[in-house]
Amino acid sequence: MSKPNERRYALEKYNREKEPIISNNYRNNLFYLSKHLKKVYPIELHKTCSHTFINDFSSPLDHKKREILDNNIVVPQVIPCPNEKELMRCSWITNSTDKIYVQFHDECWGVPVYDDHQLFELLSLAGLLMDFNWTEILKIREQIREAFVGFNAKQVAEMGEKEINELVSNVSLMLAENRVRSIVGNAKCIVKIGEEFGSLSCYMWNHMNYKAIINRFRNARNVPLRSPKAEAISKDLVKRGLRHVGPVVINSFMQAAGMTIDHLIYCFRHKECLNLAERPWRHV
């Protein structure tokens, strides 16, 4: 046999010996891949493999099986999460928060107040935070408002011992005697403030230069319990004879009366209160 023929024969023999080994290894690798991929993709390997694998190693039966599976695949219906429909509120409003406080947060807290009766009411309610929280106060707010005749400062200032004792003995109010007396005493001071400045609203907003303080906090821990402006107003009110008007109480009052916008920046009420605060100051 000539040398070219010997070389050709040896090459053909080598290819015949190696071909089944490569083919078997290829099939073994495919079986290994399919075995483990089906744990993640149970609907046939063709969902993640290339078309070369399908054409080379799939029988007509496999194609038929794939058609049946493809026809029976049920596409799950995407249902929006209920939380996506809810409005973004400040982080201290949770699923367990009482509805009456959520309503107060959504409708009142942070809205600029210019009415004297409402300012006197919020100032008095903020003073009760030393004994109650906002939820407890809001639950008896209507009873307190009725007891103090709509927080008309002139009428409250005229209350005598008989009216004070009746309010203290009122079980539904749950107000201590010193709280009732402080509200009556504060009413007398507010009447004097009205005579000097024209109204309680003018006095309060004059301290603010007739503009609300707009904060843009992202975290509840950044919202201060007191501020320099609250300390200044508190100091002046104490000089004028008012009681239970410390810096923390005044800061809570300013937040509720919209003198300070402390809604967190992602809260839906932040922009709404911001728009209200940017309107020109008006005296009612």
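Every residue number used here counts from 1 along the chain in the order it is shown.
Every residue, even glycine, has its Cβ placed from backbone N, Cα and C.
Listed features, source TrEMBL:
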{"type": "BINDING", "residues": "C90, H105, H263, C267", "note": "Zn(2+) binding site"}
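By neighbour count, meaning other C-beta atoms within 10 Å, the densest spot among the binding-site residues H105, H263 is H263. Within 8 Å of the centroid defined by the CB atoms of C90, H105, H263, C267, the record's Zn(2+) site, lie the Cβ atoms of R89, W92, I93, W109, G110, L264, F268, R269, H270, excluding the listed residues themselves. All protein chains considered, the CB of C90 (Zn(2+) binding site) has 21 other CB atoms within 10 Å.
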